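Beneath this line is the structure, given in structure tokens, with notes to follow.
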């Protein structure tokens with residue numbers, strides 16, 4: 001047994017030359033622990049307007065970004081597909097037998113899609129987003145999971161603060177398709193009655209007794225308090241940690257690159273050069289911009305490379321340096337121009353264009369490695385309020401992909417030009433982006449997808465299981481057979497429970 | 001954790017609490033609930049990730065004051081003499097806490113005592129407020145008699161308090177001691193204590209109640225506490241087999257195993273087999289030499305990039321002689337502060353620790369694991385388990401072809417070192433006496449181990 005190894009050309013992973021079929025197939029993660037083999041169903045629990053969908057979507061976005069294929073199954077959307085016209089809260093009245101039947105069918109349809117996603121479509125986690133407020137309903141889901149060998153993790157949101165509930169209704173319910181033809185006041189009144197319909201039969205999770213053996217987290221009062229029971233594995237522990245770090249305080253995140261550097265001007269990648277004259281001008285402009293933003297308690301973060309620190313210095317405010325924010329390590333290609341790389345390492349040059357996300361520079365890093373490196377930054381960004389992150393092109397693309405729910409495929413081609421600040425504000429279920437160019441000229445460092453890359457990835461290439469995906473479009477087809485013939489709509493847009501103005505969300509029409 | 005530039009808010013007036021104010025962790029719980037176990041482990045973890053932390057065990061203060069322990073009657077709630085002494089001890093401990101946090105640069109103090117009454121906790125909370133500390137309570141609640149009995153056996157019978165007692169006598173006395181606290185025990189309450197920041201750990205981690213986490217460090221503490229467990233297991237640490245570059249005395253790089261290194265890999269396979277370990281997980285780095293080593297085991301393994309050897313930047317693949325020749329200043333600086341020294345375009349041990357933190361966290365979650373890694377990486381991991389300081393860490397001995405078996409026991413870790421009987425070069429370079437930047441080359445190279 002010679003222990004002969006070869007290094008994969010794209011990801012620079014060492015693998016044995018003779019593929020012994022007896023050993024289980026290894027999945028090369030950039031970040032450690034093997035995913036458990038059983039997929040997990042996350043079951044949301046709670047009255048309407050308690051933030052279940054907010055948490056579902058946010059959690060899904062996070063899990064996909066760290067490379068865990070996750071998808072939300074929102075039962076309300078299934079219901080909207082089947083019941084074309086929403087009449088009023090009386091649909092949700094517990095005595096409305098016809099409606100109860102429909103609602104149950106929708107839940108079952110959603111679960112069938114969960115099964116498909118986890119068993120046949122490569123999904124690892126399915127988020128079953130519905131009220132699930134009765135033991136009976138939860139038992140049904142538990143049975144379903146048991147039959148399919150899925151793990152189950154419950155996330156319950158409990159909140160009795162009327163102002164929070166009212167504010168949620170305003171933020172995301174009034175603009176729901178259900179209330180398309182209503183005034184705000186009418187919608188609010190109807191929704192409150194809708195909540196009452198559920199309240200009557202609400203059986204919260206009871207980890208002290210009945211639900212002692214379930215894995216769950218109860219989120220109380222929008223994160224003031226948590227009850228956690230029987231965390232089973234790594235991914236559940238990450239989910240708990242994530243949920244405990246997010247908050248809903250309004251705040252803004254500013255992302256920008258360092259000012260134009262000497263190397264930028266020379267067309268050289270990487271390195272640790274200082275700012276060019278224009279780069280210094282940008283820093284001054286950035287300082288002025290921040291003053292105008294008039295922010296409360298802005299935190300400023302930089303990398304440990306000279307160019308971001310020089311930029312921050314001009315702001316004359318305290319800042320923190322994070323090594324984790326350093327630019328992607330180009331290994332043997334550090335400080336070269338693209339022409340030099342093409343000449344000296346033509347194969348590497350081509351490989352990178354073929355699959356820019358997975359490609360690792362020899363003795364350097366890949367975007368995939370960057371995501372792993374940046375995860376603690378994302379976690380801390382979630383904890384914080386107003387933050388300005390002065391970083392680098394590849395790093396900024398990774399962070400932006402997290403906030404805008406971009407896939408691994410799109411991430412390395414996101415446009416993050418020099419001297420442009422991206423202002424991100426959480427709103428409804430997503431993030432509003434404003435792009436502010438600070439009016440100081442700079443070179444363009446963006447390389448578009450090459451013709452090679454557009455041909456698509458090499459099917460023979462070994463994939464690592466860490467692949468940020470954009471949160472998949474919700475499955476809308478109800479697959480219910482027992483109804484009036486209708487053709488399931490093939491709408492692919494997101495639920496329009498969002499303010500009418502142009503939001504840049506998972507929408508490919510946005511500028512990125 | 002970001003490397004904060006140490007900016008602490010000036011202690012002025014009523015000590016306004018800015019982001020970097022010190023944290024006072026207050027343990028709560030009946031005796032034998034794992035408070036000291038948690039205190040020590042948490043302290044070890046926080047120090048390892050670079051947060052200066054110290055624990056203050058009030059029982060220890062009591063033992064220092066009351067030379068001989070007689071019986072549980074000392075702890076009776078109506079024993080006025082006993083109460084007086086215990087209060088004095090708590091106050092003495094708090095004075096030391098204040099000195100540590102406000103004068104000695106400590107960031108976190110763990111106040112380890114029962115703190116079972118609301119009154120006692122209010123006193124401590126006020127103390128925290130007066131001094132500008134954030135207070136975080138950690139309560140351990142457990143009613144399982146088996147767990148309590150096991151705790152008593154593990155750590156109480158061997159306590160100085162019971163040095164002259166038989167085990168049965170000691171156990172009986174200790175159970176009576178616990179009774180003394182029970183009547184006045186006021187657990188952290190959902191309503192009465194709703195404004196406090198705390199975590200309540202139930203049944204050794206089956207469930208947790210977390211209230212009002214205020215900042216980054218508290219969030220990290222909660223995450224850590226939720227990932228540790230007490231199930232018996234062993235962690236095996238070793239380096240890859242001897243590599244081609246090892247033979248030549250060169251650092252870093254990504255070479256394969258030497259013939260002796262391959263021998264070692266086979267011996268390791270045999271060793272693992274003989275140990276007969278249940279459900280062993282095997283982890284390697286993404287460098288050829290650790291993977292080659294793992295391949296010999298014939299079991300599934302996981303590659304972690306973060307387990308890669310320290311990046312020596314411009315010094316990669318050089319011998320120490322070459323480093324002395326081409327970068328004498330760097331070489332001297334490294335000897336001056338090996339922990340913090342960062343190779344140009346490379347890393348420091350300090351960077352390594354930050355990089356390895358997720359590995360430690362996952363090691364805490366796991367049970368039996370074998371980690372096949374590298375010299376600097378192994379030093380960092382070992383320092384965590386054996387509670388070594390930043391000064392000691394870079395000089396820990398981690399020779400090739402030697403497996404270190406770590407088994408948690410009582411408040412620490414039992415360490416067994418098993419040399420697998422395959423010769424290898426020595427790669428350990430001790431700190432030379434002369435670390436001055438103007439030192440002559442011979443003095444710089446005096447501790448370099450032999451190589452081809």
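Cβ atoms are placed via backbone N, Cα and C, with glycine included.
Heads up, TrEMBL stuff is auto-annotated, nobody curated it.
Annotated features in TrEMBL:
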{"type": "ACT_SITE", "residues": "A:258", "note": "active site, tele-phosphohistidine intermediate"}
{"type": "ACT_SITE", "residues": "A:327", "note": "active site, proton donor/acceptor"}
{"type": "BINDING", "residues": "A:257, A:258, A:259, A:260, A:261, A:262, A:263, A:264, A:307", "note": "substrate binding site"}
{"type": "COMPBIAS", "residues": "A:446-455", "note": "compositional bias 'Basic and acidic residues'"}
{"type": "COMPBIAS", "residues": "A:503-512", "note": "compositional bias 'Polar residues'"}
{"type": "DOMAIN", "residues": "A:30-250", "note": "domain '6-phosphofructo-2-kinase'"}
{"type": "REGION", "residues": "A:446-512", "note": "region 'Disordered'"}
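A map of TrEMBL features onto the structure.
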{"residue": "A:257", "record": "substrate binding site", "Cβ within 10 Å": "29"}
{"residue": "A:258", "record": "active site, tele-phosphohistidine intermediate", "Cβ within 10 Å": "30"}
{"residue": "A:259", "record": "substrate binding site", "Cβ within 10 Å": "30"}
{"residue": "A:261", "record": "substrate binding site", "Cβ within 10 Å": "29"}
{"residue": "A:263", "record": "substrate binding site", "Cβ within 10 Å": "19"}
{"residue": "A:307", "record": "substrate binding site", "Cβ within 10 Å": "28"}
{"residue": "A:327", "record": "active site, proton donor/acceptor", "Cβ within 10 Å": "24"}
For the substrate binding residues given in the record (A:257, A:258, A:259, A:260, A:261, A:262, A:263, A:264, A:307), what is the largest pairwise C-alpha separation in angstrom?
14
Check residue A:257 (substrate binding site) against DSSP and tell me helix, strand or coil, would you?
strand
Of A:257, A:259, A:263, which is closest to residue A:327 (active site, proton donor/acceptor) if I measure between C-alpha atoms? They're all binding-site residues.
A:257
Cβ within 8 Å of the substrate site centroid (A:257, A:258, A:259, A:260, A:261, A:262, A:263, A:264, A:307 excluded): which residues?
A:265, A:273, A:274, A:275, A:276, A:279, A:418
Secondary-structure category, per DSSP, in which the residue listed as 'active site, proton donor/acceptor' falls:
coil
For residue A:307 (substrate binding site), just give me the three-state DSSP call.
helix
Confidence summary for the domain '6-phosphofructo-2-kinase' (A:30-250), mean pLDDT rounded:
94
Should residue A:263 (substrate binding site) be counted as helix, strand, or coil on the basis of DSSP?
helix
